[in-house]
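Taking it in order: structure first as structure tokens, then the write-up.
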Amino acid sequence: MEGSQDQRPNLRPHRPRRREYRRKSSIFEEKTIDFSYPGTLVGATNHVFCMGRRFAAAFQGLERSAITRHWKSVSGKRLTPRKKGSPPRRQGPSKEDLTMSLELCTDNLPPTDSLEALEKASKRIRKICTFLQSRGNVPSNLLKRNLHYIADVLEIVATDDASTDSRKSKVHQETKNDPSKDRRFIDEDDELSEVEPDAVPMEVRDWLASTFTRSASVTKSGEKEKKTFRSIVQAVRAANLVDRLYRRMSTSAVTYPPTVMKLFKSLDDWSFDVFALNEATNGQALRYVTYEIMMRYDLLAKFKIGVGTLFNFLEALEVGYSKYQNPYHNLVHGADVTQTMHSILFQTGLVQWLTDVEIFAVVFSAAIHDFEHTGETNNFHVMSRTETALVYNDRAVQENHHISAAFRLMTDDNLNIVYNMSKDDYKDFRTLVIDMVLATDMSYHFAQVKQMKSLLSCPDNIDKAKALSLVLHTADISHPAKNWTLHEHWTELLMEEFFRQGDKEQELGLPFSPLCDRKTTMVASSQIGFIDFIVQPSFEIMSDMLDKVVAPISPRGSLANQSSATISEKVEAEGSPQNGDQSEEPFEFKVDRVWDGHLTGNKVKWKEQSTKDQAEKEAREKAAQKAKEDAEKRDQSPLDDKAEEKKDAENPPKITANGTVSPGNAVDLKVKPSTSPENDDQVSTKEEAVGTASPEHAEKRTTEEDKPGKIESITVKSVTKRKESGV
């Protein structure tokens with residue numbers, strides 16, 4: 001009995017052994033299950049069941065961890081442990097992420113030299129486009145692997161004739177074994193040298209040759225060594241697709257409204273309506289114009305500028321331009337000057353003379369050239385002794401502040417658009433920006449024009465910094481050379497800003513600056529003088545400079561701007577050349593001076609307006625003079641009456657012998673009777689004496705005789721007063 005009690009089956013598993021299994025480092029290590037438990041077969045069965053659950057849980061965890069590691073490898077995301085108290089984290093990637101990673105996986109793709117590779121490559125490109133359109137982004141590792149695979153496939157397509165023949169036989173064998181794979185393989189020997197230069201830029205041609213051709217070319221017998229494409233059409237299409245993919249990923253946050261897109265079609269025009277653009281963009285003309293111009297010159301890609309960083313910087317620029325609420329020097333003016341610089345670079349061909357760093361500096365300088373402008377002139381800051389004038393020692397006060405404040409913005413990493421620029425490029429960039437913006441100071445105008453004239457007279461090359469400084473200065477004062485509608489609007493805004501400065505000067509007790517007095521300034525006359533002495537000379541010297549700079553780099557030289565009609569008219573006027581005389585005088589190269597016509601037309605309209613203003617001014621002056629004279633007469637009449645009354649009081653009236661009343665000092669010959677010849681002689685003697693004594697008295701006497709009623713009225717009045725006084 002005691003032995004049977006010792007051999008009772010133990011139905012519960014041995015706890016230490018279960019803890020021993022938990023302490024094992026890995027479930028894949030070789031283990032020997034000991035069935036010699038102090039019990040029957042039930043205990044062993046229980047242990048086996050526990051081990052089965054352990055293995056199932058282990059395999060399930062292995063599957064999750066493998067998927068997680070795969071997702072980390074393709075997405076580059078780092079999974080951090082969840083903090084205590086934080087909401088539960090989603091276990092693993094989402095279903096959409098797994099679907100995208102599986103569909104874009106490159107592990108099971110066919111070889112790049114097989115026929116299926118072409119079809120797979122085209123499908124992969126379409127899938128990438130679909131994911132970009134639906135999700136907005138694709139993990140960089142997945143995109144990089146797929147694009148590398150597509151490039152390898154296209155490189156295999158661009159092969160020489162020998163490899164093409166071998167691949168043809170292979171494809172024929174594959175299609176023979178599997179008729180479903182039968183597809184037409186285009187046999188084209190499109191050579192890179194046969195592409196028209198105007199169709200594809202040289203930079204794109206070089207990129208195509210280096211990307212989609214083999215590095216080692218095969219020399220054909222009896223022919224020169226050539227780089228060939230199997231299908232240049234497919235290569236160009238692939239390049240365009242990759243470029244569109246890159247632009248979509250880099251500019252996915254920028255969407256133009258339809259009105260803005262319509263206006264940007266005329267962005268290259270000289271008289272671009274920046275006011276309409278500012279209205280269409282809700283007061284954000286500067287950021288839209290600057291961004292579009294930088295995209296057209298591909299500056300974002302060349303200098304690795306992020307779209308978000310650029311828009312942060314442009315937004316800060318707009319805030320600075322709107323700081324003082326100026327009528328003229330605001331963000332619209334900044335956008336107008338930036339667009340004008342682009343129009344000059346593009347329309348004249350000056351952009352071909354510049355490097356990428358110089359183009360970037362030109363656009364940047366135009367965008368910041370009046371940043372945080374206060375709305376007053378430099379002379380006002382100097383005369384009023386402002387803080388800005390003290391900081392910059394009265395020299396180019398506003399212009400120095402524009403540059404300093406703009407570069408100070410880029411000390412913030414979120415606004416630094418030159419972060420990826422090399423040190424040498426940044427040095428050249430900053431130096432050129434400083435020179436160009438300082439040249440917009442109007443006090444340097446005549447010195448700048450004189451210096452450029454001396455440079456044009458020299459045969460040496462023109463300094464780029466001085467040339468671009470002149471272009472920016474001319475663009476800054478270019479609104480008189482635009483169409484009349486734009487010019488008139490800009491003039492109204494500019495004069496209002498001048499008048500506001502005049503009001504401040506009056507409050508401070510300072511003398512009025514030129515054109516700042518609201519009451520005396522003649523707008524039309526001032527604009528005529530501004531065009532004649534400032535704007536037109538600037539455009540003339542800039543045009544001459546452009547002729548000299550652009551002529552050597554122009555593709556068609558002096559015939560670039562000569563129409564066939566002009567040439568034929570010249571030939572007919574000079575006559576046909578004689579036999580043996582085949583020499584022709586070369587045409588002088590001239591850039592298209594679209595601004596000359598606007599300058600002339602605007603000046604004519606201002607002269608008409610000046611004539612009207614002058615006539616109105618004279619009419620106002622005459623009316624004011626007449627009103628002044630009338631006021632003086634009204635003020636003088638009461639004084640005359642008082643003087644007459646005082647005179648009558650001093651000289652009382654006298655009663656004559658015949659009973660008539662006469663003034664005391666009046667000589668009334670008609671009233672006095674002639675009783676004797678002696679009296680007549682006395683009267684005549686008195687008349688002669690009075691006439692010979694003074695002509696004025698004689699004239700006065702004649703006047704008084706012609707108007708006896710006046711004398712009688714005065715006499716009666718005097719007598720009445722004397723009677724009332726009791727005399």
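Heads up, the Cβ atoms here are built off N, Cα and C, so glycines get one too.
If you check TrEMBL, you get these features:
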REGION    1-24  region 'Disordered'
COMPBIAS  11-24  compositional bias 'Basic residues'
REGION    73-98  region 'Disordered'
REGION    162-192  region 'Disordered'
COMPBIAS  164-186  compositional bias 'Basic and acidic residues'
DOMAIN    252-613  domain 'PDEase'
ACT_SITE  His329  active site, proton donor
BINDING   His329, Asn330, Leu331, Val332, His333, Asp370, Asp476, Gln527  AMP binding site
BINDING   His333, His369, Asp370, Asp476  Zn(2+) 1 binding site
BINDING   Asp370  Zn(2+) 2 binding site
REGION    557-587  region 'Disordered'
REGION    602-727  region 'Disordered'
COMPBIAS  605-651  compositional bias 'Basic and acidic residues'
COMPBIAS  696-710  compositional bias 'Basic and acidic residues'
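Overlay of TrEMBL annotations on the structure.
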residue	record	Cβ neighbours (10 Å)
His329	active site, proton donor	22
Asn330	AMP binding site	24
Leu331	AMP binding site	26
Val332	AMP binding site	23
His333	AMP binding site	24
His369	Zn(2+) 1 binding site	29
Asp370	AMP binding site	23
Asp476	AMP binding site	21
Gln527	AMP binding site	25
For this session: Pop the Cα-Cα gap between Asn330 (AMP binding site) and His369 (Zn(2+) 1 binding site) into the table, whole Å please.
Result: 11
For this session: Quick one: pull the CA-CA distance for Asp370 (AMP binding site) versus His329 (active site, proton donor), whole Å only.
Result: 7
For this session: Work out how many Å separate Gln527 (AMP binding site) and His329 (active site, proton donor) at their Cα atoms, rounded off.
Result: 18
For this session: Determine which residues of this chain, when His333, His369, Asp370, Asp476 are set aside, have a Cβ within 8 Å of the centroid of the Zn(2+) 1 site's Cβ atoms, and list them as they appear in the sequence.
Result: His329, Gly334, Val337, Ala366, His373, Thr440
